[in-house]
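One structure is given here, and the rest of the page talks about it.
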Amino acid sequence: MIEQSSLLNEVGAAITIKPNASRVLLSWDIVPEQSGMVALRKGSIIDGTNMQVLIPDYYKDSESKWGLPMYAVHRVDLHTQLRLLATQKEGPGQPCDVQVRSKVVSYDAEGAKVTTENGEVLRADLIIAADGVHSTAVKQVLGDEVVQAGDTGWACMRWLVPSDDFLSDPQTAHMIQDSTTRYFTAAGGAAALVWYPCRNNEVQNFLYLSREFDISHVGEDFRARVEPSVPLEYAKKHFATALQTVVKKANQVKFWKLVARGPIPKWHKDRLVLIGDAAHPMLTFQGQGGGQAIEDGAALGILLDNVHDRGEIEERLQLFEQIRRNRGSALQILSNTNPPVPQSVRDAAAEYLPGHRLSSTDDVNEYVFSFDVLAESKAALAILQSKERITKSGFL
């Protein structure tokens, strides 16, 4: 595994892991308690201008409907546990060797090799490129058809606050709700504030999105910071006084622009395949950026297991796209609009999903959360292997 960072100073905030992704993590023996994961039992969409609840049960009965809870987890805690599972000697398969401070500067899809910044050339049976929204690997796949990611007009601020800071303040103590995610809207969809706990409900995570932030001096680096007073300056225009009191506690605020790209027609070429933001960058409105990358990893893990002949790789990658590309493309479309998602956007997403109707928010949640990438991948592989056995036996 080639990683351009040092992995020594990981930063970030929390993310949500919806049932479609949590089933994968649990299958990998991720232990929620070891990462301080919070099972989110309730969710609501609230008019942030007057604090009226618009949709009280946005994620109602997650466990009974989809068999698994929705989790919130600090991304550093999740990364730490995933890295341990990948590199430790215990467990199935060979431990992964992580080569840090190695930035890839060029890809060769046909030769299955990469060149790093220091001139080192590395070869493999298959390159799995997870190089983000500004992927350079995507040009190897699409050639001159490549479409660069661009500004969306949206920017976001993120911060974390210890729960005790709210509980010790009479003005905010009553607003703390364990195991709950809340989405506050502003007038005209100009902004949104997402609030949920992480780290065993001991830390509150905030994501403030808007098209009205001054982004003239803001880049895409999520490590960039602004003064803690900046979120409140905007919140005074967007939200009710009660919510302003919450935003006032912001500290160590990170601020960056959000970029996106529409769906692309293919995710692989020769012996190079795109995953994650390199394949399907999306905004945060469905909370599926990380979840879709997890689905990518799960599908590839199953489809490439016990491949002993390079000649099998192409067929397996075609299966990967069959399982993942239309779904990832639909999620891109659904994710790039402030919820609740309008019917026109649901219709555009449904064009990628033959046999599925997305007539309501409930339809969207049902499609997104009920999908079992593990079962889909195993079933597709079983069909392929059955055909291969029949062919080898001489019946075809």
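Cβ coordinates are placed from backbone N, Cα and C, and glycine is handled just like the others.
Computed from a predicted structure; not experimentally measured.
Per Swiss-Prot, the feature active site maps to Arg158 (among others). Other Cβ atoms within 10 Å of the Cβ of Arg158 (active site) number 22 in total over all chains.
Feature annotation from Swiss-Prot assigns active site to Tyr196 (among others); the stated evidence is similarity to another entry. Sequence-distant contacts of Tyr196 (active site), defined by Cβ-Cβ distance under 8 angstroms and a gap of at least six in the same chain, are Ala14, Thr16, Val38, Leu40, Ala72, Thr180, Thr181, Arg182, Gln204, Asn205.
Positions annotated as FAD binding site by Swiss-Prot: Glu3, Asp277, Gly290. Within 10 Å of the C-beta of Glu3 (FAD binding site) we count 15 further C-beta atoms, all protein chains included. DSSP classifies Glu3 (FAD binding site) as coil under the three-state reduction.
Taking each Cβ in turn and tallying the other Cβ atoms within 10 Å, the top scorer among the binding-site residues Asp277, Gly290 is Asp277.
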